[in-house]
Amino acid sequence: MTVTPRTGSRIEELLARSGRFFIPGEISADLRTVTRRGGRDGDVFYRDRWSHDKVVRSTHGVNCTGSCSWKIYVKDDIITWETQETDYPSVGPDRPEYEPRGCPRGAAFSWYTYSPTRVRHPYARGVLVEMYREAKARLGDPVAAWADIQADPRRRRRYQRARGKGGLVRVSWAEATEMIAAAHVHTISTYGPDRVAGFSPIPAMSMVSHAAGSRFVELIGGVMTSFYDWYADLPVASPQVFGDQTDVPESGDWWDVVWQCASVLLTYPNSRQLGTAEELLAHIDGPAADLLGRTVSELRRADPLTAATRYVDTFDLRGRATLYLTYWTAGDTRNRGREMLAFAQTYRSTDVAPPRGETPDFLPVVLEFAATVDPEAGRRLLSGYRVPIAALCNALTEAALPYAHTVAAVCRTGDMMGELFWTVVPYVTMTIVAVGSWWRYRYDKFGWTTRSSQLYESRLLRIASPMFHFGILVVIVGHGIGLVIPQSWTQAAGLSEGAYHVQAVVLGSIAGITTLAGVTLLIYRRRTRGPVFMATTVNDKVMYLVLVAAIVAGLGATALGSGVVGEAYNYRETVSVWFRSVWVLQPRGDLMAEAPLYYQIHVLIGLALFALWPFTRLVHAFSAPIGYLFRPYIIYRSREELVLTRPRRRGW
């Protein structure tokens, strides 16, 4: 072994070597390392505590539904510890994700499993067991033995008073079930089956156990009570304060219940329709539930024959309020078959056969699919036809039909109205810009460029105008790159997403601040210079306010979306895709509806600015002398300077 000598002084070497008297271990020849053996005994406990041979997926069943997935760490077939599993499939960007799964009870399940107090045998009150065995030996019949005990008030009071005082003894499973059966038979034969009441010990119990017990009570004619009918503790506050009905569903389940209820109400009226809808409505509340409840109330008041004929007149005999979604977009053309095929393929992709009795685009069928089979795929189908669904709602509302409330409830699920807004408003803005610009040029050509204020004041203008115009040009170019060029293109060019956003934030912030400073000076000039202020129209004043708001909102979106303040957000995956989809006439309003609020505010202000554009002095942008850059050369002949008796006056 080659030893590297130390380069320190003699005193330093002596001090280093003297350390062997104080530090246990072997010092290397170069005095640079110390090797110790042992001293890690304290780590053994932790290594053994968290060691395991394998990891299995399981759940726990201590007063629980067993719906939470746990990772169970096992060593030598013994549970050592457990952690929550987090690989639940996503429900998609349009729906609330599952609430966190796993509670402290589950985290301590191994304690329950190996607890010395774990119940491993059937137990019964010792006093009652003695009386039952004596009566059965004397009478020879289990039911007669139980009846004999109940007929004697003294013996009955004796075992009842023993409750809560211990005195439990082990009994066999056969004897325990025999005593339970004898008690049920005696109670039913003496008082009737309705004197037998069943309930769950806690709402969060095994669904198999609850189903078996409730089915047994129903088969013998007993009464199945709800958990809140007897459990007078904290959970009762939930239904009293929030209006929840017994067990509370997750937020995502509310949409499923609304879709299921709407599917029931939009089908042909039958005797079970309203009862099923009311049963579903018992589990949800809120505006959507109120709308569905209004439909149920109006149909409940109507005569069955009247409701049936009104349904036929509304949906079967009139195309203006049809429930077949593709008819709204394709009409009676061959394209409708192609669109219906998309519905059928969606159903088959989830291993569900398309309906045979109805076409796959029938709205109740789509709602049923979204509620019970694949919420994400159903959500996409409903979002793709949000405009026809909104038109159907308007048609039913104009006709004052009760089904309008149901369709309105469907529109409220998720952000369908928001999707419709971001689908329609861009085209409304484009129409205003096109028609308004034509009108302005046709009827106000003189005012197109004559409202310039350059003649009134030029000192501030020479400073503010370049700042604003050069800044806004950089902002426009940046918006064009971010909105028009797909993210995949910049990545293919070797520009990573992180590098792109850094450049966008830096350059965009500088350009935005420059633009804001320039427009601030322009507004100050217009307000403080009398002639300039007099030449400013009301529309221009509103335009300046909207313009400043758009710039401020853009700077805010840049800061918030970049992660400088708050969590970073990649707008190129939603806002940019929405922008491009608008121009190819395939608007994805759902993407814009998913964007954060600060992006929505910025885009909304921008659309308002474009809507004001034709009616303000911003139209001078259309008169920019672009042709001046490509003008032909002008040939002229120089002339000798004239000798005058007095200096020439400047022309400006």
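Using the three backbone atoms N, Cα and C, a Cβ is placed for every residue, glycine included.
Here is what Swiss-Prot records for this protein:
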BINDING   ASP233  Mo-bis(molybdopterin guanine dinucleotide) binding site
BINDING   HIS469, HIS620  heme b 1 binding site
DOMAIN    53-117  domain '4Fe-4S Mo/W bis-MGD-type'
REGION    258-415  region 'Nitrate reductase delta subunit'
TRANSMEM  416-436  transmembrane segment
TRANSMEM  466-486  transmembrane segment
TRANSMEM  504-524  transmembrane segment
TRANSMEM  545-565  transmembrane segment
TRANSMEM  595-615  transmembrane segment
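Ranked by Cβ pairs under 8 Å to the transmembrane segment (466-486), the stretches 504-524, 545-565, 595-615 are led by 504-524. Distant neighbours of the transmembrane segment (545-565): 475, 501, 504-505, 508-509, 512-513, 515-516, 519-520, 523, 571, 596, 598-599, 601-602, 605-606, 608-609, 612; these residues of the same chain sit at least 6 beyond its ends, with a Cβ under 8 Å from one of its Cβ atoms. When pLDDT values are averaged over the region 'Nitrate reductase delta subunit' (258-415), the model yields 85.
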